[in-house]
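Below is one structure, written out as structure tokens; the observations come after it.
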Amino acid sequence: MAVLDVLIYPDENLAKVCQPVETVDAELNTFIDNMFDTMYEHEGIGLAAPQVNVLKRVITIDIEGDKTNQIVLINPEILESSGETGIEEGCLSIPGCRALVPRKEKLTVKALNREGQTFTLEADGLLAICIQHEIDHLNGVLFVDHISQLKRQRIKEKMLKLKKQIERAK
């Protein structure tokens with residue numbers, strides 16, 4: 001397996017809407033394995049394909065981080081949502097920054113699994129928040145799009161400095 005490069009905000013591909021997956025095959029499953037490897041390497045609990053520069057509707061999640069409850073959502077769609085909640089969210093594409101984001105407390109999601117079969121998942125708490133965060137990525141939305149323009153600009157400046165440091169280190 002491989003650890004993939006994670007795009008850093010404000011990379012323009014993070015703002016693009018992803019295309020649905022047409023075929024679930026061995027190549028996609030290898031990519032999903034690489035997404036999990038990348039997510040664990042960066043100590044994340046969720047990762048969306050556009051974060052690794054693949055504009056497809058694929059999400060990997062493991063809120064426990066122990067590799068026993070891995071969730072794959074291909075072409076996810078929120079069917080129902082209720083309640084209000086929110087936590088300070090972070091993002092692998094915006095390292096070191098967090099912000100309070102309003103989210104729905106409970107969700108029902110329909111998606112394809114790794115075998116290409118349709119399933120529904122009921123989620124609440126942190127899992128529901130994570131699913132919403134990752135689906136936002138598929139729609140070209142980042143958590144900074146939910147906060148004030150001033151805070152967003154400060155984070156953007158911080159990330160541009162970080163990107164320059166990373167480039168110099170290569």
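Residue numbers in this text run from 1 along the chain shown.
Including glycine, each Cβ sits where the backbone N, Cα and C put it.
Small disclaimer: the values here were computed from a predicted structure and weren't measured.
Annotation source Swiss-Prot lists Fe cation binding site at Cys91, His133, His137, citing sequence analysis. According to Swiss-Prot, the active site annotation covers Glu134, on the basis of sequence analysis.
Cβ proximity to the Fe cation site centre (mean Cβ of Cys91, His133, His137, cutoff 8 Å) flags the following additional same-chain residues: Gly46, Ala48, Gln51, Glu89, Leu92, Ser93, Glu134, Asp136, Leu142, Phe143. Secondary structure from DSSP puts His137 (Fe cation binding site) in a helix. Within the same chain, residues at least 6 positions away in sequence whose Cβ sits under 8 Å from that of the residue listed as 'active site' are Gly46, Leu47, Ala48, Ile59, Ile61, Leu73, Pro76. When secondary structure is read from DSSP and collapsed to three states, Cys91 (Fe cation binding site) falls in the coil class. Residue density at Cys91 (Fe cation binding site): 26 other Cβ atoms are found within 10 A of its Cβ, drawing on all protein chains shown. Of all the Cβ atoms in the protein chains shown, 24 others lie within 10 Å of the Cβ of His133 (Fe cation binding site).
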